[in-house]
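Undergrad: Here it is, the structure in full.
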Amino acid sequence: MKSNMNLSDLNENVWSTNRYLGMLRHFHLDLRLNFAVKEMSGWLVLDLVPVQPGVCSLILDSHPSLLIHSIDCKVPGAGQQEPVSLTYRVDPFTDYGSSLSISLPTAAAKPGRAVQITVRYTTTDGPAIWWLDSELTCGQLRPLVFTQGHSVCNRSFFPCFDTPAVKSTYTATVRVPDGVTVLMSASRSSYSKQDRVFQFSMEFPVPSYLVALVAGELQHVDVGPRSRVWAEPCLLSCAVKKLGGSVERWLGVAEDLFGPYLWGRCDIVFLPPSFPIVAMENPCLTFIIASILESSEFLLIDVIHEIAHGWFGNAVTNATWEEMWLSEGLATYAQRRITTEAYGNAAFAVSVTCLLARF
Ligand SMILES: [Zn+2]
């Protein structure tokens with residue numbers, strides 16, 4: 001798939017997905033979810049460090065569905081206390097996104113000096129965000145929303161460097177109505193019932209496409225020391241019964257083959273049939289379609305495949321969208337190794353049959 005890696009070639013002082021001009025150290029999302037109007041609104045804070053001198057502007061991947069309200073900048077340690085408002089421009093770029101060009105102040109152009117850019121925005125009807133009315137959920141009682149970033153959709157979730165080459169840690173604060181549970185692809189989370197605020201922290205660097213969120217009526221059961229199954233209440237007992245203690249077993253086999261599992265948590269959330277793909281390897285929290293529970297073989301193969309991405313694709317990631325076959329190819333190889341170790345050669349044959357049926 002085409003990417004915007006060549007945007008930075010337009011001007012050598014324009015910082016876009018060219019990671020040699022600067023580094024994205026961390027970003028923070030602060031969002032309020034509004035189910036009534038199907039919008040997320042809030043702000044994104046990017047912690048950036050220019051590497052080269054003279055960087056005069058920044059280009060982020062964005063999307064026509066993102067409404068940008070304002071952008072400001074702070075340069076800690078530069079004698080500037082208050083944020084400075086920045087000028088910006090949104091231009092059409094491709095049929096799947098737009099470019100957000102931000103003019104940087106001269107104080108931000110010093111290599112090694114941290115810059116904090118805050119973008120206030122609202123999401124509308126973008127391809128990354130799937131708002132489901134209650135009728136489209138399994139329980140049909142409450143609405144649900146999830147995001148699907150792969151491959152170039154998360155630019156409609158938040159402005160970003162939407163390339164697998166740029167990784168960073170992230171944190172998020174998500175405000176929701178009472179009764180809604182929020183999950184993200186993060187290694188730590190907490191919830192303040194009084195404020196109805198969820199806090200997330202991903203302590204390991206990830207590319208933009210692996211940032212994921214789901215919010216709805218979700219409950220969980222622990223199925224292992226580091227794994228938990230999440231689902232709507234009407235699905236939960238079936239999902240737990242089908243997976244049982246298998247997740248920890250598969251993790252153990254994979255660790256024997258490929259080394260320690262880096263991500264800490266290995267949770268799984270089952271999503272309604274509107275989920276557009278079978279499963280997504282969001283780190284710490286695999287997203288998987290609930291209809292897969294009808295086939296024990298597909299469930300086994302797909303969960304093992306997403307676990308394998310914990311080593312191949314998520315920990316070690318291809319640099320460009322064109323090389324995504326490396327992530328999928330190595331994860332498929334690892335999936336078959338894990339399946340064979342856990343269940344023998346007969347299971348390997350089932351794995352191949354399921355894979356062929358899937359395509
Ligand atoms: Zn895969």
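Glycine is treated like the rest: Cβ placed from N, Cα and C.
From TrEMBL, for reference:
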- 26-210: domain 'Aminopeptidase N-like N-terminal' (DOMAIN)
- 254-348: domain 'Peptidase M1 membrane alanine aminopeptidase' (DOMAIN)
- His305, His309, Glu328: Zn(2+) binding site (BINDING)
Undergrad: Averaged over the domain 'Aminopeptidase N-like N-terminal' (26-210), what pLDDT does the predicted model reach?
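TA: On average, pLDDT over the domain 'Aminopeptidase N-like N-terminal' (26-210) sits at 94.
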Undergrad: Quick check on the domain 'Peptidase M1 membrane alanine aminopeptidase' (254-348): DSSP residue counts for helix, strand, coil, in that order please.
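TA: Its residues fall into 51 helix, 14 strand, 30 coil.
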Undergrad: Would you count the other C-beta atoms found within 10 angstroms of the C-beta of His309 (Zn(2+) binding site) for me?
TA: 25
Undergrad: Which chain-mates of His305 (Zn(2+) binding site) that are at least 6 residues away have a CB under 8 A from its CB, listed by sequence?
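TA: Same-chain residues close to His305 (Zn(2+) binding site) (Cβ under 8 Å, separated by 6 or more) are Ala279, Glu281, Ala331, Thr332, Gln335.
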Undergrad: Taking 10 A as the limit, how many CB atoms besides its own sit near the CB of Glu328 (Zn(2+) binding site)?
TA: 15
